[in-house]
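A short write-up of the structure that comes next.
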Amino acid sequence: LKTVFGIRGSVKKALRDSNHIASDGSKGSAAAKQAPGTFRATFEDKILMSDIVICRMWVPVEPKQFYNPVLSLLADSHTAEYKSDQVEELDEPSQSSKKPAAATASTPIVPLMRTTAEIRRENQVPLVVNKDSVYKPIERTKREFRKLKVPVKLQEALPFASKPKQQTPKNKEGYLAKRAVILEPEEKKARAVVQMLSTVRRSKLEKRQVANQERSSKKRKEREMEAGRFEDQHREEKRAKYRDEGKKKAHRPSKGKK
């Protein structure tokens, strides 16, 4: 036994009515009857009821002895002649141009043994169709998987990408979005005018923003140039100011001394 997913198994025991023992100890009760071919099997791993299990069996077959002596290869007057199209099918395409004179339609061919298809074709016997061998439409029920429950402690240890998302799905479209709005000709013209005005206003705003950015960048550069030009002068002025304050503080009498 082997499933389509590669899980191997083996047949352990065939379940028969005579060998089956019910829970009450009685054998072969009406409730315990098994369908023909029921057996008990074990697998390497747990399988589902929807899995397809293939049973591979090897049965010893002894070929029957067959003895067909041929007493004479000479054709008699009652030998059937094959048609010319059947003779051409037997010959290979490469050797069709080099056929001997004996392989013509009038030359009798002695079939020592005919196939089942040839016998059925001559006797006009149709093929025997087994209803169990005919392919049936596949009807599968939709699988419903259980929801995965992750413990809270494990959720805290997981990275953000692997954590289960608790957000509810949003609605695709509302009621008004599904309904088309049919406008009158006057309404269409008014909407077109509004769109044109909004386009003009948007373009003006974009131009104004670009001009403001250029103006601000230009002023910033001018301030940086001016600050760099008078940086040394401002530094000297600050030094002189701090020097004078230090001198005044040194000559000022302290409050503790008289």
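Just so it is clear, glycine is given a Cβ too, placed from its N, Cα and C backbone atoms.
The domain 'Ribosome biogenesis protein BMS1/TSR1 C-terminal' feature in TrEMBL is assigned to 1-63.
Look at TrEMBL and you will find 84-107 (among others) tagged as region 'Disordered'.
Look at TrEMBL and you will find 93-107 tagged as compositional bias 'Low complexity'.
Feature annotation from TrEMBL assigns region 'Disordered' to 203-258 (among others).
The feature compositional bias 'Basic and acidic residues' is assigned by TrEMBL to 222-247.
Positions annotated as compositional bias 'Basic residues' by TrEMBL: 248-258.
Sequence-remote contacts of a segment are chain residues at least 6 beyond its ends whose Cβ falls under 8 Å from one of its Cβ atoms, and the compositional bias 'Basic and acidic residues' (222-247) has none.
With helix defined as DSSP H, G or I and strand as E or B, the compositional bias 'Basic and acidic residues' (222-247) counts 25 helix, 0 strand, 1 coil.
The predicted model assigns the domain 'Ribosome biogenesis protein BMS1/TSR1 C-terminal' (1-63) a mean pLDDT of 78.
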